[in-house]
Amino acid sequence: MVAFTVDQIRSLMDKVTNVRNMSVIAHVDHGKSTLTDSLVQRAGIISAAKAGEARFTDTRKDEQERGITIKSTAISLFSEMSEEDVKDIKQKTEGNSFLINLIDSPGHVDFSSEVTAALRVTDGALVVVDTVEGVCVQTETVLRQALGERIKPVVVINKVDRALLELQVSKEDLYQSFSRTVESVNVIISTYADEVLGDVQVYPQKGTVAFGSGLHGWAFTIRQFANRYSKKFGVDREKMMERLWGDSYFNPKTKKWTNKDRDADGKPLERAFNMFVLDPIFRLFAAIMNFKKDEIPVLLEKLEIALKSDERDLEGKALLKVVMRKFLPAADALLEMIIMHLPSPVTAQNYRAEQLYEGPSDDPACIAIKNCDPKADLMLYVSKMVPTSDKGRFYAFGRVFSGTVKSGQKVRIQGPSFTVGKKEDLFIKAIQRAVLMMGRFVEPIDDCPAGNIVGLVGIDQFLLKTGTLTTFESAHNMKVMKFSVSPVVQVAVEVKNANDLPKLVEGLKRLSKSDPCVLTYMSESGEHIVAGTGELHLEICLQDLENDHAGIPLKISPPVVAYRETVEGESSQVALSKSPNKHNRIYLKAQPIDEEVSLAIEGGKINPRDDFKARARVMADEYGWDVTDARKIWCFGPDGNGPNLVVDQTKAVQYLNEIKDSVVSAFQWATKEGPIFGEQMRSVRINLLDVTLHADAIHRGAGQIMPTMRRATYAGFLLAEPKIQEPVFLVEIQCPEQAVGGIYSVLNRKRGQVVSEEQRPGTPLFTVKAYLPVNESFGFTGELRQATGGQAFPQMVFDHWATLGTDPLDPTTKAGEIVVEARKRHGLKENVPGWQEYYDKL
């Protein structure tokens, strides 16, 4: 069954130039797992007949039932190239066998955190786009994530069989549709690409775009056709590739190439791509689907396709599958494209190192990553945890960036909040053993050198979700992943039977380990809260919790949305607060932060860990901050990295530095639970104006300063026109024209705003984009299907926080209702306390 042995793979791991780490990314239902199948089958794991139906990488039962991928799965493939193909590879290679580590990731928006984890450990991405639907919202999101991680894309345009069989398009229409899709992918690439990568746009004539059908198991690149024809006509292959795309035409009478679409007599000429590439495919489809028994053998002979005796009796789609698979096997086209155009770890780590590593780019760890050096000390990034077959244990799944990881080796396990020189979040433990991930199976190996993807056993109890393993004494962490979605939907979970409580607590711990983007915590009123990125994500998480992680029946509250508290103006007067012993005073004002700056902080462009001078320069140049203010940012909050700031604007205050720590921790506390209804603050800037402190150190300890700073922050906040913000989804809905009306009526009921509506050229489909408050999104999918007779498919991504215009302190308004309800739920007094509660008179 398996066509290659673990030893073969292991020996290839040492030739890092011949390794490719790649992930398959796409919009939901564009056929990632199906395409992955044809690759896996080439490596000899699925039997050929099953490919296209097995979806080997969908390992979970719910994935197979729903027909979607939820968790990303890794698999290693082995491939050999012919000598002449190897010569065309633009980077260093040894020999002609290649090892491809492939990660199939989910396309559904709610799981984009899984995609981020997959992208971190790979260097190249195969972007799958549906011919009929084209580039969708999720294609763009994932592609943007990939380019942000400096990952090189190649594209495959999938489901071409749909265009031929369902839409019955003409050759020229198909060419136009292809070229539109390629163009829209390139627009996204040029918008988000990093200069370091150089030109990573995709070009069919260079072989970085493949066309095919995952379901039928066939695909081709222009390079393959150029190969066939260059032998036949005796032309140079490079020249042939240029001619098979774009505006080049072949005149069969004069046997000349031209770039005009008419010949000398004014008769139309056929485009070379249509004539040489699409024509044989169209003819095969026509002959087989119209059951023309006499034409088929002639065509097959011309195309040198030999059928076995039992295959000759097939007809219709079954025959089509067999023939197309022999004519243009998908695996050949895709593997060739992956090997030729995606970078090896040696090439990629050279330009990815600075972006992966938190420390300076000249320290030994970073240099070892740059050189992908298997003999240096170990640097390994764990991007996620994968549950093992025995309950409660996890494999740490990650990639070796430098050094070699061995079974039984002692390593430093550094969690995300580790800083160099401190002991916090650091364990020194031995790795029990290393394994090779193979979709549904694992194979033990002794060691694994730099540039490869590996699973580790025995360190799951020291890492929460991600972290760095190293043997350097002074290594910084690998950078933490930025998720493009945030957990905004939460539910409270209770046990039905009080004796099961310890199991629930244990289960919640396991759940937060197994999913990179789920949050679990205990609220003040003692409820256990689980937060996810959307309805589907939460549903899957809770199902996992009930069935696997905790294994007990649960009571689940209706879903609740996370809000944020913010301010719209500057404080109308200076907020003053005295310490409990009346010897210290803090004076401050609150004011809003521009949305741009908040987004830059949330997206990691402005980073609390950056050098303060460099950060001040960026904030002054790009966001128009005053340089002295930007240099005096004391901290970000909550959690040390949120979009709220404390700026020190005091003049000549004695002992100021001694209270800095207390002020910072009080600010973290205040921004985590705002005064309106205990939600996090967002986009609030606190300016410290003056501080009077007692001369005696004992009278200005943390116990005096922290409550004071918190009260002052609340007072300043409530004096500055407080507002609340709700999370908003961007919804993209695809549907036929007659269903558009139904969509509008549902969106209007749900406070939705339509942003754009456009028809995809060449198809009857409309794409409607709209903003929909997360609060209204529950059951939206169901209502939409009802209103449109099941013809509309929504995709929702968290897009932004929108400020509610009404006053949250007035219980008669929309915002006020939300506040009162939330305060009841949290068990607080119904009325929001006024600023007077937190303000002290002189």
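Glycine residues also receive a Cβ, built from the backbone N, Cα and C atoms like all the rest.
As recorded in Swiss-Prot, the features of this protein are as follows:
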- 17-253: domain 'tr-type G' (DOMAIN)
- 26-33, 158-161, 213-215: GTP binding site (BINDING)
- H699: diphthamide (MOD_RES)
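Recorded residues V160 (GTP binding site) and H699 (diphthamide) have their alpha carbons 76 Å apart, per Cα-Cα distance. Each residue contributes its Cα atom, and for L215 (GTP binding site) and H699 (diphthamide) these two points are 74 Å apart. Distance from the CA of H699 (diphthamide) to the CA of S213 (GTP binding site) is 74 Å.
For the binding-site residues shown (A26, V160, L215), fewest C-beta neighbours within 10 angstroms: L215. A26 (GTP binding site) sits 60 Å from H699 (diphthamide), counting Cα to Cα.
A Cα-Cα distance of 70 Å separates H699 (diphthamide) from N158 (GTP binding site). Looking just at the domain 'tr-type G' (17-253), the mean pLDDT is 74.
Across the recorded positions listed here (N158, H699), the residue whose Cβ sits among the most other Cβ atoms within 10 Å is N158.
In three-state terms derived from DSSP, N158 (GTP binding site) belongs to an extended strand segment.
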